[in-house]
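Student: Okay, handing you the structure first.
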Amino acid sequence: MTITIFLGSLLGAMALGVPIAFALLICGVALMYHLDMFDAQIIAQNVINGADSFPLMAVPFFLLAGEIMNAGGLSKRIVNIALAMVGHVHGGLGYVAILASCLLASLSGSAVADSAALAALLVPMMTAAGHNKERSCGLIAAGGIIAPIIPPSIGFVIFGVASGLSISKLFLAGIFPGLLMGIGLAIAWTIVARRDDVKPLPRKSAKEIVATIVDGAWAMMLPVIIIVGLKFGVFTPTEAAVVAAVYSLIIAVFVYKELKPKDVYAVFVQAATTTAVVMFLVAAAMVSAWLITVADLPGELIALLEPFMDNPTLLLIVIMLVVVAVGTAMDMTPTILILTPVLMPVVKQAGIDPIYFGVLFIMNNAIGLITPPVGTVLNVVAGVGKISISDLMRGVWPFLMAQLAVLFALVAFPVLVTGPAKWFAS
Amino acid sequence: MSSSEAPVSVVTKIVDGYFRFLKFVIALCLAIMVVLVFGNVFLRYAFNSGISVSEEVSRWFFVWMTFLGALVAMREHGHLGVDAFVMRLSPFGKRVCLILGQTLIAYVCWLLLVGSWDQTVINLDVKAPTSGWSMAWFYGTGIVFAVTGGLITLHNLYRALFCKLGEHELVQVKESEEIHGEHANTQGEPALRAVAGGKH
Amino acid sequence: AARDLKLAMQTNPGTAQYDGVEKFAALVKEKSGGSLTVKIFGGGALGGDLQVVSSLQGGTVELSQMNASLLNGLAKEFSVLDFPFLFDNEKEAHAIMDGPIGKKLMDKLPEKGIVGLAYPELGFRHISNNKRAVKKVEDLAGLKIRVIQTPVYVDMMNALGANATPLPFPEVYNALEQKAVDGATNPLVTIPVMKFDEVQKYLTLTRHQYNPQIIIMSKKAWDKLTPAEQKIIQESANEARDFERQVSAKKNAEALEYLKKKLEVTELSAEEMAKMREKVKPVIEKYTKELGEPFVKEVYAEVAKVRGAK
Ligand code: NA
Ligand code: NA
C-alpha cells in the first residue's frame, strides 16, 4: 500500500511537469498523510538537513574543478596526449576518443562535462579523417559515461551519502570496471570501424610526443594526486575534490594562462548553480527517504521480492533490469536518490556486497545517460556535435550494447569488481 | 523574456537585481567553502594544525548556497523534470497541468515556510557545536527559500491563469542537468558553453 | 489504540547502547500492556544527532539516546561532561549522573522542549596508536590523534602534547589504515567493533574521558501521555539504563581480554596519570570560565564527595 502511495504521488506529480525535486516533496506530503503523521516540520527539517553534509561538498568542488579544467585548457591537453599516443593507428581516432575518455574520467566526476569536451574537440577531427559522423558521436557519448565510474565520481559521492557507504572505497572499486568499459568500447569500435576508409594521422615523432606529454603533464598530475591521496588516506573525498579544484585553478590561471582572472567569477557562478540543482534534489529526496524509513517501505519490497531473495544473482539481474528501464526515462542523480533508500536494505538482506552493488548500480545509471528516449549525454553530444538525436541513436547502439555487455559480465563475474577493489584498497 | 513589454518596469529591475545578488552570494559561498576546506587540508599537512570551525561553517555556507542557488534555478526553469508526458498534450492540456503543478508547488512552499518558521523559532537560542552560532541561521534558510520560491510560483500561477504565457513557456522543466541558464534557448549554445567552461 | 513512539539513534545493533534501547522498548511494551510501543531506528536512519534533537523539540520524533554532552547546544552546562579526567571510574560516574548533578542538567531541558529520562553510558575513552607504546605522557608528543570536532577534545589532545586531528567517524578506519593519523581515542568496545585493532598496535588505558549517554523524550510527546504512562516510560528508562551499564561493563571487559591478545596494552602508573591531569589543567580552566565557575565548582565538589564516601 505504501509503495502505491509512494510511486503514485511521485510519478503523478512528475507527469504534471513538476520538477523532480518538488515531486519528491509532494510525495513526502502524501506519505505523511498516509502515515497519519502530518507535520510541516518534517519537510523543513529533512530538506534543510539533507543539504547539510560534509561528504556531499565533494559535489560542488568536483563540479568546479570540471568547469575550470574545460575552460582552462586542461581537458584539451589530455586529448592531445591521447592523440599523440594512438592517433596514427588504423581507426586511431576512435581509440584516441576511448583513451581520452578514460584519462578525462580520472580527472572529472561528470559524464556530461566529459562528453561535451570530447565531442567539441574530437568530432570535427574524426569526421574530417573520414569516419562516419553518427558512429563517431555515438562512440564519444558512450565514452563520456565512463566518467562517473573511474574516480572521481559525483555519482559515487551521492550514492555513498545516500547509502552510508565509504566513498573512498566506492572510488577505488570503480577504477577497474571503468577501464573494462573502455576495453568494451575498443572491441566494439574495432568491429564497426574496420571497414571505414580513413587516413590515419601521421605518426608523431618521439620528440613531438614527449613535448605533448610534457605540456599535458600538469593536467595528468591531477588524477595521480586524487588516487594516491585517497588510497593513502591523505584526505577525505571532499578534501580530494577541493584539492582538485584549487590545483586546476592554479594550473589554468598561472601555468596554462587560459583562464583569465575575470572569467573565474563566471566559473564559480556556474558551478554553484549546477550544484544547487543537484543538491536541492538531494535535499528533497531526504524528505521522502525519511518517510520511507518510518513507513518501512523496504520491508514491503523485501516481502515482494521474497522469491528472489535466496538467489542473489537472480535478484541482481532483476534489479539491474529495473534500473535499465528506469534509466531510459530518468537522469542519473534522481534515479540514485529515489532508488538507493529502497534498494539498499534489500541488497544487504540478500547478502550482496554493497560496494560491488554500488559499482553496478552507478554503471547502470551511467548507461541510462545514453539510452533513449531521455539521455542527458545524448542531448549534449547531439548539441555539440551538431547531429540530430535520431542519427545519434543509430550511431550509439553498438557502443550501448558493449557497455551493457560489460555490465552483465560484472553481474555474472563479481570478482571482476571485488578482486581489483581489494587490490587497490590494500 | 517578455521583450515586447517595452519599458522595463521598476519591479522587473528590482527582481533582476535581487537574482543577480543571489548569484553573487552563491559564488561567494562556494569561494568561502573552497578557502575553508582547502585551508584546513593545507594547515594540516604544512603546520600540523587546522581551523576547527572549518567543517561546520563550510557546511552552513553549503546549505545557503544550495537553497539560494535552487531559487536562481527555479526562476530560470533550470530544475530537472520529465516533460515526456506534458509535451504530448494540447496547449490547453499543458496549461491545466501547469496550473495543477504550480498549485502543488505553492502548497509545498507554504508547508516549508510553516515548518522552517517553527524550527527557526525552536532553534533561536540553540548554539552550533563548534562555531557557537545560533542554529536559527541554519533553519532560516528554509524561510528565505519558501518565501522567494512561493512568490516565483504565485507569479507563474498568475501568468498561467490569466493567459500571459507563450506556448513554449507552458513546460517548465528540463530533462537534464545540462541545459539550464538564461542562454539555454538554442540547441547548440548550451553545449558550446559546456566546452567554454560554462558547464559541469 | 496502540501508540507508536519513534526512537532515533546513531548506534547500530550489536552495541551495549542498542541492547539498552531494545530493553527499553521491551519494558515499555510489557509495562503498558502493549498500549505504548517504541520503534527503534538505529544507524542514523532518521538523521544525525543534532537533527534528531531538533526533531524532538518540534515533536516529529518522540525519543532518542545519544551522548549527553551533545546537548550543550541547548544548555552549555552539558559541556562539563566532556571535561578530561572528571571521573576516575564507572562507579563515580554513575553516582554523579544519577545524583543531583545529573538531575540539575536534566532540569535545564524542559524549557527547551525536551525531557531527560536517564543516563546510560558509552564509557571511558582510551588512546590507541600504531607508532609506539605510550607509557609516559611524553610518548604522546607529536602523535597525530583523531578526535571529534569539538573544541574541548581538540584542546585536550593538544595539551597532552599530541596533534589533534579532527575527522568524521566514518573516515577513521581508512585514515588509520593508511597512516594519515597515528591513533584515535575510543571506548574499548568500539575498537574491535570498528576493527580498529587491525590497524593499531598499541593501546594505553588512559580513561581520559567518560561519555555518559542520555535517553531523551520530546516534551510535546511527553505532555500527551497520562501520568501513569509517564511513570511507565520513566521506570523503563531507569531499568534500561541499569541493564545497559551492566552490558557495557561486560562488553568492555570482553573487549579488553580480546584486545590484550591483539595489541600491546599499557596501564598507566598513578604518577603518569597525575602528570596528564596536570597538563590538561589550563584546558579545564579555559572551559570552566565559559561554562560558569559556580556550576563547575559544584560538579567537582560533588565528585569529591562521592570519592570521599568510598
Ligand atoms: Na571520473
Ligand atoms: Na536514458
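Placement of Cβ uses the backbone N, Cα and C atoms for every residue, glycine included.
Not my notes, these are from TrEMBL:
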type     : residues  : note
DOMAIN   : A:7-414   : domain 'TRAP C4-dicarboxylate transport system permease DctM subunit'
TRANSMEM : A:12-35   : transmembrane segment
TRANSMEM : A:47-66   : transmembrane segment
TRANSMEM : A:78-98   : transmembrane segment
TRANSMEM : A:104-125 : transmembrane segment
TRANSMEM : A:137-159 : transmembrane segment
TRANSMEM : A:171-192 : transmembrane segment
TRANSMEM : A:213-234 : transmembrane segment
TRANSMEM : A:240-256 : transmembrane segment
TRANSMEM : A:268-293 : transmembrane segment
TRANSMEM : A:313-343 : transmembrane segment
TRANSMEM : A:355-375 : transmembrane segment
TRANSMEM : A:395-417 : transmembrane segment
Student: Does the structure show the transmembrane segment (A:213-234) and the transmembrane segment (A:355-375) touching, where I'm treating 3 or more Cβ pairs under 8 angstroms (sequence separation 6 or more) as a contact?
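Tutor: Answer no: the transmembrane segment (A:213-234) and the transmembrane segment (A:355-375) share fewer than 3 Cβ pairs below 8 Å.
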Student: Using Cβ distances below 8 Å and needing 3 or more such pairs, separated by at least 6 in sequence, tell me whether the transmembrane segment (A:355-375) contacts the transmembrane segment (A:171-192).
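Tutor: Yes; at least 3 Cβ pairs under 8 Å.
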Student: Who are the long-range neighbours of the transmembrane segment (A:78-98) in its own chain, taking Cβ under 8 Å and residues 6 or more past its ends?
Tutor: 104, 107, 117-118, 121-122, 125-126, 129, 131, 136, 139-140, 143, 182, 185-186, 189-190, 193-194, 196, 198, 200-204, 208-209, 212-213, 215-216, 219-220
Student: Does the transmembrane segment (A:12-35) reach the transmembrane segment (A:268-293) with at least 3 CB pairs under 8 A, where each pair is 6 or more residues apart?
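Tutor: Result for the transmembrane segment (A:12-35) with the transmembrane segment (A:268-293) is yes.
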Student: Which sequence positions outside the transmembrane segment (A:47-66), separated from its termini by at least 6 residues, show Cβ-Cβ distances below 8 Å to it?
Tutor: 25, 107-110, 113, 152, 154, 157-158, 160-161, 167, 236-238, 240-242, 244-245, 247-248, 267-268, 271-272, 274-275, 278-280, 282-287
Student: Checking distant contacts: for the transmembrane segment (A:268-293), what same-chain residues at least six beyond its ends satisfy Cβ-Cβ under 8 A?
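Tutor: For the transmembrane segment (A:268-293), the nonlocal Cβ contacts are 2, 6, 10, 20-22, 24-25, 27-28, 31-32, 35, 42-43, 46-51, 56, 59-60, 63-64, 67, 154, 158, 161-162, 333-334, 337-338, 341-342.
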